[in-house]
Every structure is written in C-alpha cells, then in structure tokens.
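Encoded as structure tokens, the structure appears first; notes follow it.
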Amino acid sequence: MSSRRRQSTQRKKAPESSVTPIRLPPFLKPGAAVEISSDEAGFRGSWYVGEVVAVPSSDSTTKCEVEYTTLFFDKEGRKRLKEVVDAAQLRPAVPAMSEREKERDVAVGEDVDAFYSDGWWEGTVTEVLGDGRFSVYFRASKEQIRFRRDELRFHREWVNGAWKPPIEEREEEEEEEEEEEDLLSRVDPETAREIAKQMFSIGTIVEVSSDEEGFKGSWFSAKVIEHVDEEDKYLVEYRDLREENGIEPLKEEADFLHIRPPPPADEDIDFAVRDKIDAFYNDAWWVGDVIESMKEGIVGVCFRYTGEKMRFGRQGLRLHRDWINGTWQLPLKRGEMKRATKKVPCDRNVRPKKAIDKEHFSGGDPVEVSSVEEGFEDSWFLAKVIEYRGTDKWLVEYEKLKAEDGKEPLREEVNVFQIRPRPQETVMVNPLEKLDEVDALYNDGWWFGVVKKVLAKSNYLVHFPKTDEVLKFHVSRLRPHQEWIDGKWIASSKVCF
C-alpha cells in the first residue's frame, strides 16, 4: 500500500502553483530488481536485467542509477556496467514463469520475449519446429531467429503499476476485472455530469479518487473550493493531505467522474468473509475484501489493487458502495458474481476477400511502407512502388503523404525490409474483443495497438504500447493485426490465459 501521508506533498498542485513535483513509481528503490529498456537505435524492444543502485534525492528529476546483471564494463566480465537512465525506462523484474505457464504450449502468432545477446527481446512466434524449438520474428529489427523453449517467456507489458496480462490467472482476478468493467458500463457520463453540477457546490464535503499509479482504489476526503465550468472540473481542498510546506491543505483539480459525496454511515454491521469493504489507511479509504473474521470485531483485509493483507478493527472499516448515476449501490460478495465462461479462440475469425501472393515487387505495386524514424515505429503508410534503385533500395510514392510543397505526393527511397504488400482485405465475422491486436487508421497511417475496452455502437478504446496513448476508434477504422513474414501473412493471436 502506497504511503500517502508524506508522498501526498508530491501530488500535482493546484493551477496557481508553478512547480509540479515528480513522483517515482513505488517499485523504484535502491537494491530493487528491475528490467531496463533502451532508446538507443538497434536496441528498441529489448529489456536487460539489473538492479537499482540509487534514486534521485530530489523530486525535480526522474534519473536513476542502475547496474546491469548481464552487461559488463570490461572485456573480462568482472565489472558490471552501471548507467544513469530515466525512470520511464525501468520496470520491475518479470517474475519467474509459473508451472502452469511452463507447461503451456507456445503457438504460432504468440507474442513472446526471447533471451538473446544478454537481454530479453520482444518478438512473435512464426513457426513451431517440432523439436522443442521455435522461430521468432523481431518486428524492430525485421530478423527471424530460432530459440529453445527455455529461452522464451510469454510477453507482458508493465502498465499503470501492473502486469498486462496478469502473472497468474485466477478466477478472483477475472471477477474483479469484470466487476470494474460492469461498473464503468453502468455510469452514464452525461447523467453524472449533471448530478455533479447540482450537488457539488462550493464548500460541499466530498470524496476524491485518483487514477495515479499506486493509488487506484482509494478515496480521499476533501471539500469543493471552486467549479471550473469550462472543463467540468472542480478545485478541491483535501482534509488530510498537505502542500509541500507541510502546513497548508493540498489543493488540486479533479473531474466530475472522480468526485462523489461521502457514502452513508454503517450501523452495527458485523463484517463477514468475502464482504467487499473500504478500510481507512494512510489518510484514505482503500477498497478490499474481508478474508478472515476474528474475535472482538477484528477482521483480516486483502487490498484489491496491491494484494497487501492487514488487520483492522471495526472503527476503520465500512461497507464498500459504488456511486452510480446519483445513487449508492452495494456490490455482491466475492464469489457471487459468476459469469458464463466464453472461450475466445486465439485466431481472429476473418474471411479473406483478396489474396496477395507476390514475393517480389515491381513498379506500380501497391504496398505499405514502415518508417525507421523515431516516433513512427509500428506504423505503416500506403504507397506504390516506383522503381528499384539497387542495393535493396526502392523508390516509393506515398498515397496520403505530401511533399514539402503540400501538393505533390511524397516520394522516398526506402530499404526493402521497410516494404510489404498490402494486407489482404478482411471482413470480420466476429466483433473485436478486449486484448485483440489491431491496426488503427490514424494520421494517414495504420498503427499497431491493442483493444483496451469495447464501447457501444461498434466503437473501441485502443491502447498504443509505443506511446502509451489510448484513443477511441470506430470498427471501420480498425483491422486485425498481421505480420508479413517469409512471404506470408501471420495473424497475431489474442493473449489467451
């Protein structure tokens, strides 16, 4: 559980402050095992094991000193390489695979990390060779290399303080995720906005939540200071949090979806195992579940978003309630909310319209072109081949991109590994689902992403791993993600756990 009492002074301050202190992720502490990425050309998509040596002594920088486990400063391999990197390049060390994962089959299209040249590299399985070996294609370098099963691990992303997909698949975790999605689907933003305008006048006592890493599932007591009309935000003053001077109450802006009135008080309630509760800890109410009931009203609580377990007396607990469209609603106990298990095949069910079987390009061929320029990784732009320039170089003319005059189509000389045929057009028989890998049409190109949430009217929220952005798209601007490998299209699989 993150300690908010002193760290609270590092929260984003109200608009009148000119200083925005920086908070490091909770896992970054001296001696902590981490994995380190690189922005250096040729090393993108790789992670190296190491540990944190030192963290910044002030809140004005995010630079940390790390020591690599497998990289060395000297040729003899005696002095481990040390380097100063930004906190954004660090994540916790990936836990060892469970026995269940070790026994799981690795399929074509699976996203994996392969241990190569002293680091873990992100790739996609393109072939199961049958002798305990697999061919893996690396999108960043356009290489394909063979690996043993023990040199592979299933790929995961560290997103908002948690591994995606989770390290262990447990029925309880699936239930929590479904419960959270169900809660979000029941909140009508327009209704919530109007209710907030009616209820949250200046001086109103409220509770405020945060999506900040390490504070999900917590609610802090505050009062409304000002309504920022044009943004539907409210300036609030916290009851228990302080500014940097440790004296003045902390003020900050919060939008209407992160504010609610205090829930009604509970009277003479004996909490039972599996009750969903809020526990008061470090100046906030944190959501958890009762896991044990003891004498004299003492109960054991497991916090939902951190997994930490603590014991509380009756005074520090209340039943958990959700504020939905102006009413308080009690959730079901854990285990009562069961869903019908729906097995989703890893392969997207598509029907091809037109196949492209050319192995070599010639003038006039419609193609897609990728870029090696920073900020444009994992994007493909429509073009046509103009001519071969020799030494594996082609001249292409883009369909949507313009030259400097803004009139003529942009022409560019690119390497052969940056060109591929246009993917076969597909008609999706089944709708897209959460965690499906897709290409999204955005800014004149197709960008790789992952479906984060299914919305109404065939709309989807798509997460772009390279930029960590989340954008909304209609299904007409999405297509299932595929890779062109060895002259054939390989469909990416959904991560199925």
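Placement of Cβ uses the backbone N, Cα and C atoms for every residue, glycine included.
According to TrEMBL, the feature region 'Disordered' maps to 1-24.
TrEMBL lists 1-12 with the feature compositional bias 'Basic residues'.
Here TrEMBL flags 26-98 (among others) as domain 'Agenet'. As a whole-number mean, the pLDDT of the domain 'Agenet' (26-98) in this prediction is 88.
Annotation source TrEMBL lists domain 'Agenet' at 104-160 (among others).
The domain 'Agenet' annotation in TrEMBL covers 198-267 (among others).
For the domain 'Agenet' (269-325), the number of residues in each DSSP class (helix H, G, I; strand E, B; coil) is 6 helix, 31 strand, 20 coil. The feature domain 'Agenet' is assigned by TrEMBL to 269-325 (among others).
Among the features that TrEMBL reports, domain 'Agenet' is placed at 359-427 (among others).
The domain 'Agenet' annotation in TrEMBL covers 430-486 (among others).
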Contact call for the domain 'Agenet' (104-160) and the domain 'Agenet' (269-325): at least 3 Cβ pairs under 8 Å, seq gap 6+: no
